[in-house]
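Here's the structure we're looking at; comments come further down.
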Amino acid sequence: MPPDRIFSLWITPELHKPSPIIVGMPHVLLIEDDTSVRDGMELVLRRHGHEVDAVASGEAGLELLSRPRAGGIEIAVVDLMLPGIDGFEVCRRIRGRGQLPIIMLTSRGDDLDVVSGLEAGADDYVIKPITGRVLEARIRAALRRSGPATRQDSDDFAGLVIDRAGLTVTKRGTRIPLPPTELRLLLELSAAPGRVFSREQLLELVWEHDFLGDSRLVDAAVGRLRAKLEDLPAKPRYIQTVRGFGYRFGPL
C-alpha cells in the first residue's frame, strides 16, 4: 500500500521520520478515535507541512479549542463516529463558538449521516478511505472559502447588506455570522441576482469539486442559510429554489 494511503491498518516505522512544519501551512485539529487511522492521517498531514493537534475524542478536541492557544487552529477534521460526544455534537459545538471550517470524516457515506453532519455545521465531508492528496486538496479548498472575495464592494438587498470587502453580512442592522462555506455560497449567488445556478455549478464554485453529482452539500448549506437570513425559511425571499434546475438569489 502506498504511503499516501492514510487509512492503512498500521504505520511502518520508517514512516515516523519527523517532518518539518512549513511556515504558513494551516494548523489542523484532527479528531479521530481509531488509533491507526489517526496516526496515519497525522503523519500525512505533517508530511504536507501542517502543524497537527491529533486527539481521540470529541471532549479532548473541544477542550483544546477552549485553550488560549486555540486561535492558531485554522481547520478541524472530525470523525462522525466518536465515543462519548459524537462528531455531530462536536460540529454543533464548534459552530456555536465561531466560524472554524470543519471537514467531517465518515466511513459509510450514509445519506442520513452525511445530511445530519452538514446540518450540524460541517462545511464538507470525505468518505474513508481517502488519500492524503485528496484530503489536502479538501483542506485547501475549505480554507480558500474563508478567504477574501474577489468583488470588493457592498450590496444592499432590501435590508440584507452583503459587504464583500469586509466579508460581513447584516440584516436590518444586525450582523449575521456565517461560516466560510455559507458565506461563499451567499457571495456567489448574490453576485448575480436572478441567475439560476445548478447544484453542479455551485459545487464547483463553492466547494471546488463535483462530488459525483452529490447535491447534499448544496442543499444542506442552502437550508442553513435560509434559517439565518429569511424571515420565513419555508417561503424564502432571498434564496429561492427553481424546481428542476437549482437555486437563484431573488428576485426580491
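Cβ atoms are placed via backbone N, Cα and C, with glycine included.
Copied over from TrEMBL:
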DNA_BIND  152-251  DNA-binding region
DOMAIN    27-143  domain 'Response regulatory'
DOMAIN    152-251  domain 'OmpR/PhoB-type'
MOD_RES   D79  4-aspartylphosphate
| field | Three-class DSSP secondary structure - D79 (4-aspartylphosphate) | value | strand
| Over the domain 'OmpR/PhoB-type' (152-251), what is the model's average pLDDT? | 88
| Long-range Cβ environment of D79 (4-aspartylphosphate), under 8 Å and at least 6 residues apart | I31, E32, D33, D34, V37, G87, M104, L105, T106
